[in-house]
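Enquirer: Pasting the relevant annotations from TrEMBL:
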- 1-25: region 'Disordered' (REGION)
- 21-80: domain 'TRAM' (DOMAIN)
- Q265, Y294, E318, D366: S-adenosyl-L-methionine binding site (BINDING)
- C393: active site (ACT_SITE)
- C393: active site, nucleophile (ACT_SITE)
Amino acid sequence: MADRRRPGTRPVRQARPDRGGGWTGREFEVTVGPVAHGGHCVARHEGRVVFVRHALPGERVVVRVTEDRQPGYCRADAVEVLEASPDRVERPCPYSGPGRCGGCDWQHVSWEGQRRLKADVVREQLTRLGGLDDGDPLLTGLDVEPLPGGPLRWRSRARFAVDRTGAPGLRRHRSHDVVLLDDCPITVEPAAQAVLARRWPGAGAVDVAVDSAGTVTTTRLDRRGVPTSTRVLRAGEDVPGEADGRAGRRAAGRDWEVEGTGFWQVHDSAADALVAAVAGAAAVRPGESVLDLYAGAGLFGGALAPAVGESGRVVCVESDAEACAAAEANLAGLPQAEVWQGEVDAEGLTGLLEELGGTPDVVVLDPPRAGAGPAVSRVLAGTGARAVVYVACDPASLGRDVAAFAAAGYRLAALRAFDAFPMTAHVECVALLVPGDAGR
Ligand SMILES: C[S@@+](CC[C@H](N)C(=O)[O-])C[C@H]1O[C@@H](n2cnc3c(N)ncnc32)[C@H](O)[C@@H]1O
């Protein structure tokens, strides 16, 4: 067929062929089954799986199908609750609910109920993907631990979307539509207001972060997601000349420098909690060597360095140049600690291990959502490190990597989980892996 586009226009993306059952828009009653990874529960109707949002296990609800593109399953929202779970509560956020803001999954669930759901998801992922026995005491005894501060106003770093008119908000679930917001009750107030109380003409999104001194940094992104300008505000007033400056964060009893809106644990209290969990699992001793992979601004490496002392060694590996510069500053007073800029992949890691010479005693890794992957997991297991402490923001990735470690001779020896993302289905885990025969 002749190309009928005008010169300079982009082809319209072909709609994905609908291979579902044509159920979109249909409404029917279901009894809701268990929670699944991704913020929904599983139900069945006429032999098909229905992933239901805005529901809870055991509830009887009317669902409306929102998406039906696959033969095996469709997606739906609970639009009416016929029999409610005891865990159901009034949503504290006026923007959440079926068809509305997609930023949170579980505004309709009590905080305790959210943590029970998260524990179920971690258990399911570690049995199904990680190969653990569902009777494993690490799983049966798992609690998702709350962080201080309650389920609202915990988010110190966020990305908001901006619509074509310059109005800010967040996207509808599985949609590009921007739901306009005046507030986001899970975000700390100065961050929410710095973005939502004004318009951003021409922007595609805005990143915002508040540091421990209350300084707000906003970074405007264009429609391709490229940062175009940064603004720093203190007590609501512009701080000129600090546009490229660093934010100050306080955690683990010391101050840290971080790139303005660069990576730092999102929950205000997460850095403290995770450092304590990592230090407890690693139990490093004077003179030991530690590899901190995906190190960001050097949080875990910097926190463990005093324990290995000057006779030990800590090597932080991070790919992002600005995070590395922040890590250099954070480790400046610790001669036993150094920063290596580079990609953590099987090849890079093998080269790094050769250069370092010898086996690290402890490896800490905190990869992005996709996890470290089987190749990196195999290389790490090949080091024979006495402890691998894996910090994971996605239990599915953790499950897959635990299986890769297990195939290479490591076993899960301890597991903690933290509610570092209340109101959402996300959960942060800290897992200790040890060589299979250790401690038996
Ligand atoms: C989840 S963050 C953890 C940062 C740090 N551990 C902390 O808690 O502040 C993941 C970090 O890994 C970095 N990263 C992502 N992919 C990487 C790769 N392949 N190699 C090295 N670093 C990577 C990102 O830039 C980011 O700083």
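Heads up, residue numbers simply count up from 1 along the chain you see.
Keep in mind that glycine also has a Cβ here, set from the backbone N, Cα and C atoms.
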Enquirer: Sort out for me which one of Y294, E318, D366 has the most neighbouring CB atoms within 10 A, since those are the binding-site residues we care about.
Expert: E318
Enquirer: Please report the number of other Cβ atoms within 10 Å of the Cβ of Q265 (S-adenosyl-L-methionine binding site).
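Expert: Summing over all protein chains shown, Q265 (S-adenosyl-L-methionine binding site) has 24 other Cβ atoms within 10 Å.
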Enquirer: Check the domain 'TRAM' (21-80) for me and report the mean pLDDT.
Expert: 97
Enquirer: For D366 (S-adenosyl-L-methionine binding site), which of the three DSSP-derived states applies: helix, strand, or coil?
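Expert: The three-state answer is coil.
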Enquirer: With a radius of 8 angstroms around the mean position of the C-beta atoms of Q265, Y294, E318, D366, what other residues of the same chain does the S-adenosyl-L-methionine site pick up?
Expert: F263, D292, L293, A295, G296, L299, F300, P367, V391
Enquirer: Of all the binding-site residues given, namely Q265, Y294, D366, which is spatially nearest to C393 (active site) at the Cα level?
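Expert: Comparing Cα positions, the closest of these binding-site residues turns out to be D366.
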Enquirer: Let me make sure I understand the span of the S-adenosyl-L-methionine site: among Q265, Y294, E318, D366, what is the greatest distance between any two Cα atoms, in Å?
Expert: 15
